[in-house]
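Trainee: First, the structure itself, so that you have it in front of you.
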Amino acid sequence: MNQYMLAIDQGTTSSRAILFNQKGEIVHMAQKEFTQYFPQPGWVEHNANEIWGSVLAVIASVLSEAQVKPEQVAGIGITNQRETTVVWEKDTGNPIYNAIVWQSRQTAGICDELKAKGYDPLFRKKTGLLIDAYFSGTKVKWILDHVDGARERAERGELLFGTIDTWLIWKLSGGRVHVTDYSNASRTLMFNIHTLEWDDELLDILGVPKAMLPEVRPSSEVYAKTAPYHFFGVEVPIAGAAGDQQAALFGQACFTEGMAKNTYGTGCFMLMNTGEKAVASKHGLLTTIAWGIDGKVEYALEGSIFVAGSAIQWLRDGLRMIKTAADSETYAEKVESTDGVYVVPAFIGLGTPYWDSEVRGAVFGLTRGTTKEHFIRATLESLAYQTKDVLAVMEADSGISLTTLRVDGGAVKNNFLMQFQSDLLAVPVERPVVNETTALGAAYLAGLAVGYWNSRDDIAAQWQLERRFEPKMDDDKRTMLYDGWKKAVRAAMAFK
């Protein structure tokens with residue numbers, strides 16, 4: 001009987017289960033959406049039990065639809081929406097509050113207080129992160145502050161904290177193990193990425209009891225086996241875990257220092273492998289742990305772009321300029337250029353390297369000759385300009401010049417965008433055959449732990465190129481276009 005690896009990809013809007021074979025090819029996939037809760041403006045929450053239910057449902061679906069028996073699963077790898085925070089009762093397994101999602105801004109007030117007390121440099125130095133509502137630490141504090149008796153119960157060891165990987169491993173193992181991996185721990189604002197331990201000083205500042213924190217383990221290791229009653233009577237090794245963006249870096253086989261990937265989803269997340277050194281950023285990048293494997297930890301620099309694919313959705317749903325996302329490519333290619341039009345899609349502010357949450361979207365360079373095609377092209381080009389902004393500071397911080405960019409995510413199907421991206425960066429852009437790189441990364445991490453794959457070299461050799469986009473633009477034009485973009489961003493930031 002053939003053996004397969006099962007990846008659980010627990011995302012922000014849906015949970016997916018994907019079966020991979022030995023060649024790293026997708027055998028079958030199942031997906032289930034779950035409810036988003038918005039109790040107040042800017043707040044985003046999930047029901048952790050509903051997430052768990054959705055994971056069980058997709059596991060059942062993928063096995064039955066693919067006609068794969070549970071005993072044919074060699075191991076399970078988990079990848080997850082990062083930073084999203086769950087606090088639950090150790091005895092009952094019941095969450096004491098909804099999961100607070102990474103996007104949620106409900107702890108912005110706590111962050112402002114911490115920054116006002118001058119704690120930002122301390123957190124930055126120890127965790128590689130900024131004090132921001134994005135990360136888990138202030139979310140745990142919020143739950144402990146707002147649920148009656150929670151802090152006292154946490155101190156007595158009655159409550160457990162976890163990011164979604166921890167919650168799912170705990171549930172799948174029947175409550176036997178309370179663990180996270182290095183990559184997820186590095187997103188909590190409580191983990192020292194240099195000593196590789198929960199940091200007592202930071203926990204003290206946040207008022208989070210150490211007793212509730214999971215044990216931090218490598219990203220590729222057998223943590224536990226599934227409780228038979230959760231996996232059709234079978235005990236399967238749960239053998240790998242990583243946050244979604246780090247898993248994508250692994251799935252793209254970016255194993256050597258200086259290799260980078262960009263995921264074009266709702267937003268963009270760009271990660272560059274910096275090897276065994278944690279590179280401190282001077283330009284608003286995050287320093288994060290890529291993974292812990294083979295007895296060592298490797299680091300990455302990360303840049304975040306808030307609006308990417310959602311700008312294409314805006315053209316479709318908000319402005320009704322296109323009927324499908326694919327139409328954007330057709331219209332963009334009908335014109336030679338944007339005719340001087342720039343769209344700055346700062347709908348919710350700008351991320352790396354600007355970190356300005358007040359700035360709003362703007363359009364510049366409109367004339368009587370501007371058409372729908374120019375506007376659509378300018379919107380697509382904005383994704384590439386924002387990517388160049390991030391890569392420019394990555395190169396400056398790391399001292400590494402990028403030689404190629406590997407890409408994944410929904411928007412990479414757009415050939416116009418990929419060619420323009422290559423032109424603007426002056427490096428080749430590589431699109432892989434398997435676009436589900438996040439799930440593939442989780443499968444690879446678990447597969448290495450159970451011997452399904454032998455080494456990272458085997459995995460790197462499996463990485464298959466679907467199409468390579470080579471730069472065709474001359475330097476003068478590239479400089480002129482990018483200078484125009486920088487001018488547009490400055491103008492947008494001045495208008496508040």
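A Cβ is built for glycine as well, from the same backbone N, Cα and C atoms used for every other residue.
According to Swiss-Prot, the protein carries these features:
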- THR12, THR13, SER14, THR266, GLY309, GLN313, GLY410: ATP binding site (BINDING)
- THR12, ARG16, THR266, GLY309, GLY410, ASN414: ADP binding site (BINDING)
- ARG82, GLU83, TYR134, ASP244, GLN245: glycerol binding site (BINDING)
- HIS230: phosphohistidine (MOD_RES)
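I would like each feature placed in context: is it buried or exposed, what are its neighbours, and how far apart are things?
Mentor: DSSP assigns GLY410 (ATP binding site) to a helix in the three-state reduction.
Note on ARG82 (glycerol binding site): other Cβ atoms within 10 Å of its Cβ, all shown chains, come to 26.
Annotation note: HIS230 (phosphohistidine) sits in a helical segment as assigned by DSSP. Here the Cβ of HIS230 (phosphohistidine) has 17 other Cβ atoms within 10 Å, regardless of which shown protein chain they belong to.
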Trainee: Of the binding-site residues ARG16, GLU83, ASP244, GLN245, ASN414, which one has its Cα closest to the Cα of GLY309 (ATP binding site)?
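Mentor: The smallest Cα gap between GLY309 (ATP binding site) and any of the binding-site residues is with ASN414.
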Trainee: So what sits near GLU83 (glycerol binding site) in its own chain, CB-to-CB under 8 Å and at least six residues off in sequence?
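Mentor: Result: TRP102, TYR134, PHE135, SER136, LYS139, THR163, ARG187, THR188.
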Trainee: Taking the mean position of the Cβ atoms of ARG82, GLU83, TYR134, ASP244, GLN245 as the glycerol site, which residues outside that list, in the same chain, have a Cβ no more than 8 Å away, listed in sequence order?
Mentor: GLN81, THR84, TRP102, ARG187, GLY243, PHE269
Trainee: Among residues THR12, ARG16, THR266, GLY309, GLY410, ASN414 annotated as binding ADP, what is the maximum Cα-Cα distance? Answer in Å.
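Mentor: Across THR12, ARG16, THR266, GLY309, GLY410, ASN414, the widest Cα separation comes out at 24 Å.
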Trainee: What is the separation, in Å, between the Cα atoms of SER14 (ATP binding site) and HIS230 (phosphohistidine)?
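Mentor: The separation of the Cα atoms works out to 20 Å.
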Trainee: Hey, does DSSP put GLN313 (ATP binding site) in a helix, a strand, or just coil?
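Mentor: GLN313 (ATP binding site) sits in a helix per DSSP.
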